[in-house]
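Remarks on the structure that follows.
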């Protein structure tokens, strides 16, 4: 249990997920947070009366304990920690969509200020793998970038989509940190430096990650889900109608094991057991929680859990002493417990009543037996999955057929499945006129991932009022939206990937049978599918020599197939030849547009610099005219200033649109590099590094050679 020990009311609104604690002088912890006005405030109640120097940092007019750092653009992420090898105090790191600032708060100086073309959506500071010094790692537009204490770019790789959360932890238990990345494509990826170790698929954007202990970590999704993983095994998860704004690991009951602390959008804070997800503490703010951090804020040798709201309210908590723990069950917790026990009592009374009615009915009448739901002993639930093409009235889908083998009927079906149904569950409740022993449910998986279907069916007689519940679990294969029946007039794919393996064809056949939804087992690896999502064909062919050719125009599908096959066959590095003429043509056009946008950006920046100089001169001339009483010239200069200011605003809009268009193109380029890497199985990091070097050297021909062959050498 936690005991509240202090409350602060700060007169600044705080951006969600942008809260940190930093010891900038090496001694005093300071609460640091980003505001909505493009500023960062630093709350330091320990050194009152010390005014900052007049660089970036300024004193708040509202609170003498707060200093303001002017960023002059929207802050997208921040953190604080030890960056330099010989520094005594922490470094403050502030990211925006165009820059990363490393700032020495104690000396009020910039350590470095770097332009980051891919933006900074998330940031983490710490040691990664074998890299000697701590890195400030930012995640942006499908890219990850790490800077050392001098601002040197020491780490770069690409990931599947825009990054939303980062955390460092020893995932593989080898004594070195791996980087966990949560992104908008619903995946949690684990990187050992630039090598992708593993990935876990979720069903929404991964908004927050936090390290708990060992290889265990917590996560939060955009749909209100929070949970805990230990490596790739998920311990538990819960889903709320509210959004998790911040998660943090903290030992609230002083038992040596941390709990998962979650701050919610409705102002609630709860602490859950890392093993079961059971709530063991909760409290409420009057507004949404902005961040949850920890530190010795009272400087009394005890670490406090510090929670802040978006309205600037801050509370500190300590684990309760053993004497107090018995008295900490507040009224709301007691009410919840009473409500839960009352509901359980009602359910048990209803169940008992059903048993009593069954007992009365069983000795005699068959009609009573029917009404009470008595069914034949051989009744069982049967399921079948089949691929269905699109019709005029229905999209292409997987049909789940649920049936019973006798005269019983299925009154209702509940299906629980992650990432397929809205709310993760689907109920089919046929009307009374359409009751039968068979129910068909259309399923449309949005992505190629394996899904467990947890099915519950209510089965009984035609006149039953009570039903038996049958439960069964069926797995949907990863590549289920592919149909074996092929239209002869279908366009042949122009894209292909060719690689060789040392396994027998029967092993590839096993992989096909396990990962595709086939009406019956196949015995040859030569097969053709119709892709039901985007149309087109997928052709797989294997030569006796072990050479496999995948033909498809979808480079993402080719990458998924190779990753799945390489994992199944335990192939770490795959040498593949790839050719996707349509995609490569589009990429070449995108790279040309990137050059054009860069050129426009430089011209606009130069024009704005010139206008800034004109404004400076005109201000001086206007002030001179005012002092000399030359009202005519003063008015003329201010009219010119007004016109220049209007031009600057228009140029800024053009520059902003140009920047957004550039970001979209850079995202496409980063994705292309990542896709080229996925075509090489586990050896993708070498391809990604080579692609990046080619782009840095502006060698487009080398880039396409690498994407085709995996290397720049001919």
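Cβ from N, Cα, C; glycine included.
Note that this is a predicted model, so its numbers are computed, not measured.
Look at TrEMBL and you will find 20-126 tagged as domain 'Ciliary BBSome complex subunit 2 N-terminal'.
Taken from TrEMBL, the feature domain 'Ciliary BBSome complex subunit 2 middle region' covers 165-272. Averaged across the domain 'Ciliary BBSome complex subunit 2 middle region' (165-272), pLDDT for the predicted model comes to 91.
For 394-479, the entry in TrEMBL reads domain 'BBS2 GAE'.
Positions annotated as domain 'BBS2 platform' by TrEMBL: 482-569.
Look at TrEMBL and you will find 581-678 tagged as domain 'BBS2 hairpin'.
Summarising the annotation, TrEMBL assigns domain 'BBS2 C-terminal helix bundle' to 685-708.
Touching of the domain 'Ciliary BBSome complex subunit 2 middle region' (165-272) and the domain 'BBS2 platform' (482-569) is ruled out by the presence of fewer than three CB pairs under 8 A, sequence neighbours closer than 6 excluded. Contact check: the domain 'Ciliary BBSome complex subunit 2 N-terminal' (20-126) against the domain 'BBS2 hairpin' (581-678) gives at least three Cβ pairs closer than 8 Å, residues 6 or more apart, which meets the contact criterion. Under 8 Å from some Cβ of the domain 'BBS2 C-terminal helix bundle' (685-708) lie the Cβ atoms of residues 156-158, 193-196, 577-579, 584, 588, 591, 669, 672-674, 676-677, 679, 714, all in the same chain and six or more residues away from its ends.
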